[in-house]
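Asker: What follows is a structure written as structure tokens; I'll ask about it next.
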Amino acid sequence: MAEEPGLSDQYPTASPWPLFVALGLALSEIGVFVGLFPVAVFGLILFGGSIAGILTESGYVERPWPTLLGVGVVLIILAAAFALWQVPVADIALSNVGTGPLFTRLVAVAAAGAVMIAMGGVASVMEQTAA
Amino acid sequence: MVAGDIVLTGLMAVLLVGVAALLTRVENWRSYTPLAGGGAVTGDETAVINREKPAGIIRWLTTVDHKDIGLLYGVYAVIAFAVGGIMAMLIRLQLVTPAGAILSNNAYNSILTSHGITMLFLFGTPIIAAFANYFIPLLIGADDMAFPRINAIAFWLLPPAALLIWAGFFLAPVTDNMIEPARTAWTMYTPLSVEQANPGVDLMLLGLHLSGVAATMGAINFIATIFTERNEEVNWANLDIFSWTILTQSALILFAFPLLGSAIVMLLLDRNLQTTFFAVEGGGPLLWQHLFWFFGHPEVYILVLPPMGLVSLILPKFSGRKLFGFKFVVYSTLAIGVLSFGVWAHHMFSTGMDPRLRASFMAVSLAIAIPSAVKTFNWITTMWNGRLRLTTPMLFCIGFVSNFIIGGVTGVFLASIPVDLILHDTYYVVGHFHYIVMGAIGFAAFAGIYYWFPIFTGRMYQRTLGKAHFWFSMVGTNITFFAMLALGYLGMPRRYATYQFDGAIAPLTQVSTFHQAATVGALILFIGQLFFVWNIVQSWLEGPKVEDGDPWNLERDGMLDREFQWFEEQLEADSPEKDPSLLADGGQEEQNDS
Ligand code: HEM
Ligand SMILES: [Cu+2]
């Protein structure tokens, strides 16, 4: 171990991630169901980020960034599928954000997905170029 | 709205940046040593690791140790019990006079709803998880749970769940009553629960949903742990009775809670996105009742099986005899687990369902009383001719058996259709299930807390206070809930904030008398709980240190289980000049100087 060990390396029975996975899930649910756009976006980012973190920490994956990217893709696919299934095509327009209750929520989910893809992508590239 | 959104966005952004900053401070993402399989214990102690956990508050926020998580569950559940108990006291005070003494109708309905949900989901399930987390790994000789991190996630979902379930109470004053506490009762029957426009209902449903996710994660973890983490000496033939009940309970959770979660999501969609799952033109309002009780009846066994396991584990210890008919106690647990999915419609006898269907549900409901009775007889025969030691945990076990008999017998009466048609939605039902949820489940939880108090805290509780707690609880419970059975026979309907219906529904004089008796009983019960809190807090802080790994003298009867053997090892390791690396439970402060 070349560098300073992190908390969960230092202590075998500690991990900072579970708390944030739970908080992220709670905020996502509130945001999506109550229809609070910012809470949904940030909650989902926190949730996806913590999933990436906890999987990396426990050694299921090597690096967090591809996972983050993957969660983002899943969210976008989900949002797109629901939109195609439940929202009339004519209503799928940026100007409709904030009016259609379902559409606005789906946009929030997709936005969170997009942010995660961007974060995961940029970080992956930076890491590979740095190394 | 726009201003609100901007504020929210800012708040969320600050939160996210804060979280990220905190995480980069405590975690070094390049340093991870892989430990696939999710196990918490690294095999090679190469690095500087000689302590198990960080110190102070960070320890509790980041712990994935099953014992810490068990304690967190326990503290959480006791706090929820206090909140739910204060709500219960408000209900009882309201009902001392027919016109209602202290609350408006709306406030009464809010508090009634929250009381039920708090007690079942925030006290009942978590207090069981507390014991299970702490002791299942010790009893089966495992290092920890199969998935320690999932274990921690499941716990941390609960505080947000509680805040959401209570959200209406906090938000009503600041939002000018735009968001109010839910007034749906714990059963959330449609169409009422769809039509209440109040967003507090949505928040409560989300809280319930989160608590369900938590319970399901916990259940998966217990099943995996009991199947895969037992040490070589523990097989299915000698698995202890508490683990059996937790295994069965987890299976029930696995089938019941996801269903509740889906039903809640459907209800949320009906409320917010104009779906018609429970609308008359869609699935119909009765669909909710079927889905809810398909979850709801197993839920009552989810809550009662592990307490039965606790009593089956503890009662023999103070009877000086092994549990009578161990095998049959296990079989009856499994039988109850299976049958509990076939009785749900006994909650719906009066809804006008097909009489043939109703009769079959009556038959299964009567049948489920048989395995319950098997257990009861086994507990009694275990004590028969035994060498009884009336310690506080034993008193609570005996109280459990006594209260469970009354609760169970009243249930059998309700399972009979003609009787139920008269007693449905009266206080008789309230009396029936409180004999079980308070008189049995509550009592078993107390028995567990006292029995294992030395392990939790390394100290002994104060025996006299413990006994006072028991007697106040026993007398209070029986006065309160027996009065409710009588109220039900008189015809007093449940869920009423006032009862000025002289003669029309029930005779007012007798009804008021029994309501007052129930309130007096509740006060006695309440005083008993003050003894409990005082005893626990004071003994935890300054009770006498336990020196002996066998505080209950179980060795003599050959009944020292694994958890107390583990405790003995801890005590030995704790004493100086022994190897400090054996000590698994300390934070860093305690160990830095050793
Ligand atoms: C001996 C077996 C039991 C039988 C035959 C039985 C039967 C019944 C019946 C028929 C009802 C419906 C009464 C009505 O609403 O008209 C009922 C209600 C209830 N029972 Fe039991 N019961 C038994 C054991 C239990 C246990 C072990 C628990 C709790 C752990 C429990 C908790 C409840 C609850 C919470 C309700 C009321 C639900 C509500 O309407 O809010 N019962 N029981
Ligand atoms: Cu039932």
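Cβ atoms here come from the backbone N, Cα and C positions, even for glycine.
Unlike curated entries, TrEMBL annotations are predicted automatically.
The domain 'Cytochrome oxidase subunit I profile' feature in TrEMBL is assigned to B:60-553. According to TrEMBL, the feature region 'Disordered' maps to B:572-594. Positions annotated as transmembrane segment by TrEMBL: B:6-24, B:69-91, B:111-140, B:152-172, B:203-227, B:239-269, B:300-316, B:328-349, B:361-381, B:393-415, B:435-456, B:468-490 (among others).
Explain the structural surroundings of these features, please.
Answerer: Within the chain, the transmembrane segment (B:69-91) has long-range Cβ neighbours (under 8 A, six or more residues past its boundaries) at 60, 63, 102-103, 108, 111-112, 114-115, 118-119, 122-123, 126-127, 129-135, 151-152, 155, 158-159, 162, 166, 445, 449, 456, 522-523, 526, 529, 533, 536.
Long-range contacts of the transmembrane segment (B:203-227) within the same chain: residues 113, 117, 121-122, 125, 129, 132, 136-137, 140, 142, 145-147, 150-151, 153-155, 157-158, 160-168, 171, 179, 181-182, 184, 188, 239, 243, 246-247, 249-251, 253-254, 257-258, 260-261, 264-265, 267-268, 271, each at least 6 residues beyond the stretch ends and with a Cβ under 8 Å from a Cβ of the stretch.
For the transmembrane segment (B:300-316), the list of distant contacts is 120, 124-125, 128, 131-132, 240-246, 248-249, 252-253, 256, 322-323, 329, 333, 336-337, 340, 375, 378-379, 382-383, 393-394, 397-398, 400-401, 433, 436-437, 440-441, 443-445, 447-448, 451, 559, 561: same-chain residues at least six beyond its ends, Cβ to Cβ under 8 Å.
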Asker: At a Cβ cut-off of 8 Å, and with pairs 6 or more apart in sequence only, do we get at least 3 pairs between the transmembrane segment (B:111-140) and the transmembrane segment (B:361-381), yes or no?
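Answerer: No, the transmembrane segment (B:111-140) and the transmembrane segment (B:361-381) are not in contact.
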Asker: Per the 3+ Cβ pairs under 8 Å rule, pairs at least 6 apart in sequence, do the transmembrane segment (B:468-490) and the transmembrane segment (B:393-415) touch?
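Answerer: They do touch: at least three Cβ pairs between the two stretches lie under 8 Å.
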